[in-house]
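Structure, as structure tokens:
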Amino acid sequence: MILLDGKKTSEAIQSEIAAEVAQIKAEGGKAPHLAAILVGNDGGSMTYVNNKVLACERVGFESTLIHYDTEVTEEELLAKIKEINQDDTVDGLIVQLPLPKHINANRVLEVMDYKKDVDGFHPVNVGHMVVGLPSYLPATPYGIMELLDRYKIETKGKHCVVVGRSNIVGLPVSILMSKCTFPGDATVTICHRHTVDLASHTRQADILIVAVGQPLMIKADMVKEGAVVIDVGTTRVPDATRERGWRLRGDVDFDNVASKCSYITPVPGGVGPLTISMLLKNTLRAAKKEVHA
Ligand SMILES: Nc1nc2c(c(=O)[nH]1)N[C@@H](CN(C=O)c1ccc(C(=O)N[C@@H](CCC(=O)O)C(=O)O)cc1)CN2
Ligand SMILES: [Mg+2]
């Protein structure tokens, strides 16, 4: 069994980005600039956004964090997004998800200038991804593809089973895995809450990607011997033995599943860290106008 080391891979990607930024600056260019909007005080979201800002500093990007109370109105949020759309000093913009219930997330994503949508959630970028036009790929699926690529894991003709159909992970990764790219060219099955006999599907997977947010739901008897297992779940579960009172749990019962796998991602230290590095990569591509002219 080989552990897919997301932390190490993420550090390598960030070093590559930092070197490119240093080169841009040395040639008199300006640093890529990411703006991040956070609404509310959810512990996980605050950690992720703070880590994004710190990662920007590490690779030499500019960053701007805009933090609103949970009560911010949709109008106020949309007005800020429109202001950033017009701000030529900002290359990339993200709105941390999830948003409070009173805000329509689809409206928020649609108002964003798709050329600055470095999360790849705007319908224009999603559409471009589906038909193979230049687009920003959502950071987590992009990170999964990068891991498969860097570990040279064969995907062509393999059966890839994706559990979860969210717009952030399950849906885009299933599209990317089915396309005629490397990694890709897989036969893809998408499973979700209405799938009958989930285990009968997961057991057929050469590559199993799980992104549902249900701690430890994938047990050893649901995984084929020799499978590649990618665990996207990062749920905080109460744990009195930890100083902070919780620990992270993936969707996969790692302790019992790992010995059956050819490759597996740990939680933490698997897909999560790559999410941040691929966001940086998209921001660099935005600054270089590599995706949309
Ligand atoms: N606007 C967005 N919102 C959300 C996205 C996104 O890509 N864009 N993805 C997730 C959350 N997310 C980034 O935003 C994210 C999740 C997990 C990690 C990560 O590094 N996890 C670590 C553990 C970190 C911890 O201790 O909590 C790991 O798995 O090792 C980074 C980013 C939903 N929202
Ligand atoms: Mg909502």
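Heads up, residue numbers simply count up from 1 along the chain you see.
Using N, Cα and C of the backbone, Cβ positions are placed for all residues, glycine too.
TrEMBL lists 4-119 with the feature domain 'Tetrahydrofolate dehydrogenase/cyclohydrolase catalytic'.
Per TrEMBL, domain 'Tetrahydrofolate dehydrogenase/cyclohydrolase NAD(P)-binding' is recorded for 138-290.
Annotation source TrEMBL lists NADP(+) binding site at Gly164, Arg165, Ser166, Thr234. Here Thr234 (NADP(+) binding site) comes close to Gly44, Leu248, Arg249, Gly250, Val267, Pro268, Gly272: these same-chain residues lie at least six apart in sequence, with C-beta atoms under 8 angstroms from its C-beta.
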CB contacts for Gly164 (NADP(+) binding site) [other CB atoms within 10 A, all chains]:
23
How many other Cβ atoms are found within 10 Å of the Cβ atom of Arg165 (NADP(+) binding site), counting all protein chains shown?
16
Cβ-Cβ under 8 Å from Ser166 (NADP(+) binding site), same chain, 6 or more residues apart: which ones?
Ala211
Averaged over the whole of the domain 'Tetrahydrofolate dehydrogenase/cyclohydrolase NAD(P)-binding' (138-290), what is the pLDDT?
98
Are any of the binding-site residues Gly164, Arg165, Ser166, Thr234 near ligand 1, with a Cβ under 6 Å from it, and if so which?
Thr234
